[in-house]
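Novice: Before I ask anything, here is the structure I am working with.
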Amino acid sequence: MFTLRWGTQLSQKLHPYQRKRTDAVPSTGSQRTLKVAVVGAAGGIGQPLSLLLKHHPHIETLVLHDQENVKGIAADLSHIDTSAVVQHFQGPKKLALALKGSDIVVVPAGKPRKPGMTRADLLDANASIAVAVANAVSTACPGALLAFITNPINTIVPIVAEILKSKAVYDPRRLFGVTTLDVVRSKTFLGESIGVEPEEVTIPVIGGHAGLTILPVLSQCDPPFDGDEAERLSLFHRIQEAGTEVVIAKAGRGSATLSMAYSGARFVDSLIRGIKMEGGDEGVVECTFCESDVSEAKFFASPVILGPQGVKEHLEIPCLDDLEKAALKCLIPILKKNIEAGIKYGQSAVVCGF
Ligand SMILES: NC(=O)c1ccc[n+]([C@@H]2O[C@H](COP(=O)([O-])OP(=O)(O)OC[C@H]3O[C@@H](n4cnc5c(N)ncnc54)[C@H](O)[C@@H]3O)[C@@H](O)[C@H]2O)c1
Ligand SMILES: O=C(O)C[C@H](O)C(=O)O
């Protein structure tokens, strides 16, 4: 029988350097069932992501929202013999209603890249979508965990933070840019290179989610990657440019969708396992882009321990070798600029009343 392997196998194992005792947290009731909303559910990512989430044993209600018609997708998914009930909503006027009472909102709404574009080129098209979702979340489900897939992640997440701040509902523990695909790709490429199952590979990927801001910490790979300097640089570059590899291969028909849906589902599963964590549980570790003071940039992708309220603890930036230290030094100014653009956009959206 086909079963999805939710739980430990899908999410990042605790790496030895991350292994820490965490404070006991009160039980939030592992029996609680959850409402998860997907905004952009009719899209290239949204459809397979919704398919994967329909199989999640802890999702009681799966809400599909899109500006396009999602009725057919909901009807289709609702015939799958798993218990999640599928609801559907279309258009901006239905967004707040769709999100009402959601525990988790995951957002793959927005334009994807075409060959020749950078992720930053998507800002004009996608920023207003992020603002609309943040506004709706602030009234419909201010306590939800909010995971953005929409690019450019480095700028979209700071925009959303500004909108939520203006509504006095911003909780940095609950807002995430999904960078799981960078980890998934790193595990795959390293597994091939080392000659082990990709699932056995653990590697932190830090920084941001665009070109040079993506920093796979190869020196902390487990099992160790012991390629020579040339292999190391080539792998480093391939991971940074893996999104572009897909954009070029799709030749104008969008960017990564299936691997992103898999990665998005894995991230949602980790959020759910955090929500359902019982006192004494060790916690779920994922690399994700969120506000922190682990680096000089206000937002940074790094390993966090997830718990019932979202981020339970930010782990230190892993030990870096000389190449990685240089890469971090080079990415920080780029990331800061991306973040600053988001803060400015968000603040002006607030002033303009969007
Ligand atoms: N974080 C990552 O690692 C990662 C990976 C891949 C793609 N992405 C990004 O994800 C986004 C979506 O990619 P895709 O390939 O699914 O694109 P797509 O065009 O196939 O789908 C986007 C969907 O969003 C919907 N949408 C647009 N505006 C909306 C709104 N205001 N409200 C509700 N729905 C709306 C569209 O109707 C469409 O169905 C892109 O911005 C892409 O760059 C991020
Ligand atoms: O590359 C893109 O534009 C999509 C996404 O960010 C990716 O990494 O695949």
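Yeah, the Cβs are placed from backbone N, Cα and C, and that goes for glycine too.
Pasting the feature list from TrEMBL:
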type     : residues                                                                                       : note
ACT_SITE : HIS209                                                                                         : active site, proton acceptor
BINDING  : GLY40, ALA41, ALA42, GLY43, GLY44, ILE45, GLY46, ASP66, ASN126, ILE149, THR150, ASN151, MET260 : NAD(+) binding site
BINDING  : ARG113, ARG119, ASN151, ARG185                                                                 : substrate binding site
DOMAIN   : 35-177                                                                                         : domain 'Lactate/malate dehydrogenase N-terminal'
DOMAIN   : 179-343                                                                                        : domain 'Lactate/malate dehydrogenase C-terminal'
Novice: Relative to the Cβ of MET260 (NAD(+) binding site), which residues of the same chain, six or more apart in sequence, are found under 8 Å away?
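Specialist: Spatial neighbours, sequence-distant, of MET260 (NAD(+) binding site): ILE45, LEU49, PRO108, ILE149, LEU181.
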Novice: Between ARG185 (substrate binding site) and HIS209 (active site, proton acceptor), what C-alpha distance do you get in Å?
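Specialist: Pair distance, Cα basis, whole Å: 13 Å.
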Novice: Could you say whether, by DSSP, ARG119 (substrate binding site) belongs to a helix, a strand or a coil region?
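Specialist: In the DSSP reduction, ARG119 (substrate binding site) maps to helix.
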Novice: For ASN126 (NAD(+) binding site) and HIS209 (active site, proton acceptor), determine the Cα separation and express it in whole Å.
Specialist: 15
Novice: Per the record, substrate is bound by ARG113, ARG119, ASN151, ARG185: how many Å separate the farthest pair of Cα atoms?
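Specialist: 18 Å is the greatest Cα spacing among the residues binding substrate.
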Novice: Report the same-chain neighbours of GLY46 (NAD(+) binding site): residues 6+ apart in sequence with Cβ closer than 8 Å to its Cβ, ordered by sequence.
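Specialist: Long-range Cβ contacts: VAL38, GLY40, LEU64, ASP66, PRO108, ALA109.
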Novice: By a simple count of other Cβ atoms within 10 Å, which of ARG113, ARG119, HIS209, the recorded positions in the record, is least packed?
Specialist: ARG113
Novice: Please identify, among the recorded positions ARG113, ARG119, HIS209, the one with the smallest Cα-Cα distance to ALA42 (NAD(+) binding site).
Specialist: ARG113
Novice: Taking the binding-site residues GLY40, GLY46, ARG113, ARG119, ASN126, ASN151, which residues show a Cβ-atom distance to ligand 2 below 6 Å?
Specialist: ARG113, ARG119, ASN151
Novice: Just checking a number: largest C-alpha distance across GLY40, ALA41, ALA42, GLY43, GLY44, ILE45, GLY46, ASP66, ASN126, ILE149, THR150, ASN151, MET260 for the NAD(+) site, rounded to a whole Å.
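Specialist: Between the most distant Cα atoms of the NAD(+) site, 18 Å.
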